[in-house]
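Chemist: A single structure is presented below for examination.
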Amino acid sequence: MVLENPLCLVIMKLRDTGKKLLLIYQSNNVLIADLLIYIPAVVLYCCCLKEISTKKKIANALCILLYPGLILIDYGHFQYNSVSLGFALWGVLGVSCDWDLLGSLAFCLAINYKQMELYHSLPFFCFLLGKCFKKGLKGKGFVLLIKLACTVVACFILCWLPFFTEREQLLQVLRRLFPVDRGLFEWIYRKMDKVANIWCSFSIFLKIKDILPRHIQIVISFCFTFLSLLPACIKLTLQPSPKGFRFTLVSCALSFFLFSFQVHEKSILLVSLPVCLVLSEIPFMSTWFLLVSTFSMLPLLLKDELLMPSVVTTMAFFIACAVSFSIFEKTSEEELQLKSFSISVRKYLPCFTFLPRIIQYLFLISVISMVLLTLITVTLEPPQKLPDLFSVLVCFVSCLNFLFFLVYFNIIIMWDSKNGRNQKKIN
């Protein structure tokens, strides 16, 4: 036999050793990137939180760093999302602390490292534009606008300078960054992967890719994305505030994930980062969302043989949040930041006092469905006629959860009271 050949055995051992060394090298690179960019940004952000004790700040940082989605994707799937997310977080810190030029520079670096950071671009633009309006476009606001424009343009020119030598080379890079030729669903070309957005979930009932031409798909996707994020962006421009900025980051990123053109399943991490930033403000809902976001990537995690790491990291994260924030005790209207909305509804429906109870029931249904689907996916074989049944169910359930969260975060944004007593701010 060929396998009994000593030379073949040596080659196979060398190949296995090379794979192990490559995995170690990739893991170390991810860790170094975390230590240099992401972890310092998280620690500094939590240190800048006001109105909470030092103990709570440490607990908040620990829970953010224990978020299982980013750990599993970066250390198990060997991505470097923490670099772009870390630069984006430095950008959030900068513009929230009125270091607008440094914040803009950091966010430009995030976009140029990974183009999917465009999910966060509109909140940054609207927040900074709102600051300029607030200072007056005929005075300091206009000067700030010019400085911001120069900073952004200079950063992009420096990053793209190597590609300006040849026109064809530049176009090729742009086509690689925005491969619209693949169609509305990127996973069409990768049959095993499913994405928990509206188009993939809706395609279960109606095959959009077979009915509508590609240019119509792009138009519909753009319209849904734009309309879903427009109210939050308008409010942030007219009433810029650090709290509104954080929640608009969540809303806009979630709108892009659910409705935009050609979404990758790992793009949910771009929504999870701003949700981590409001973990201390709405711990119950943030913990729930972060659990769902990790669950939505279950098909990808199983393909990478990350079932046990997924269970361990998810349980560690959930226990840390439950102990640190007592999440099950913070489900009142005020703790969920739904008091203003409930008061508005009670003007027309005086009996509308059951919203927190409904949210608690929805949380239980969501957790039970995620646990059951995970067990079914791991233990049972799908029908031969429907080999992707379990993956589709995971994405469909996750999508329903994300639609609920999109409505919830937009309610918080639109009914936000500027002088709310429990508002957390970044100094």
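Glycine is treated like the rest: Cβ placed from N, Cα and C.
Take a look at what TrEMBL says about it:
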type     : residues : note
TRANSMEM : 22-46    : transmembrane segment
TRANSMEM : 58-75    : transmembrane segment
TRANSMEM : 87-111   : transmembrane segment
TRANSMEM : 141-163  : transmembrane segment
TRANSMEM : 218-238  : transmembrane segment
TRANSMEM : 268-291  : transmembrane segment
TRANSMEM : 306-328  : transmembrane segment
TRANSMEM : 349-377  : transmembrane segment
TRANSMEM : 389-415  : transmembrane segment
Chemist: Please tell me whether the transmembrane segment (87-111) and the transmembrane segment (268-291) touch - that is, whether there are at least 3 C-beta pairs under 8 Å between them, with each pair 6 or more apart in sequence.
Modeler: yes
Chemist: Quick test of the contact rule: Cβ under 8 Å, at least six residues beyond the ends. What residues does that give for the transmembrane segment (306-328)?
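Modeler: For the transmembrane segment (306-328), the list is 56, 59-60, 62-63, 66-68, 71-72, 76-77, 279-280, 283-284, 287, 290-291, 294, 298, 378.
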Chemist: For the transmembrane segment (218-238), which stretch among 58-75, 349-377, 389-415 has the most Cβ pairs under 8 A?
Modeler: 389-415
Chemist: Rank 58-75, 141-163, 268-291, 349-377 by Cβ pairs under 8 Å to the transmembrane segment (389-415) and hand me the top one.
Modeler: 349-377
Chemist: Which residues of the chain, 6 or more past the ends of the transmembrane segment (349-377), have a CB below 8 A from one of its CBs?
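Modeler: Same-chain contacts beyond the ends: 284-285, 288, 291-292, 295, 298-299, 302, 331-333, 336, 338, 342, 390-391, 393-394, 397, 401, 404.
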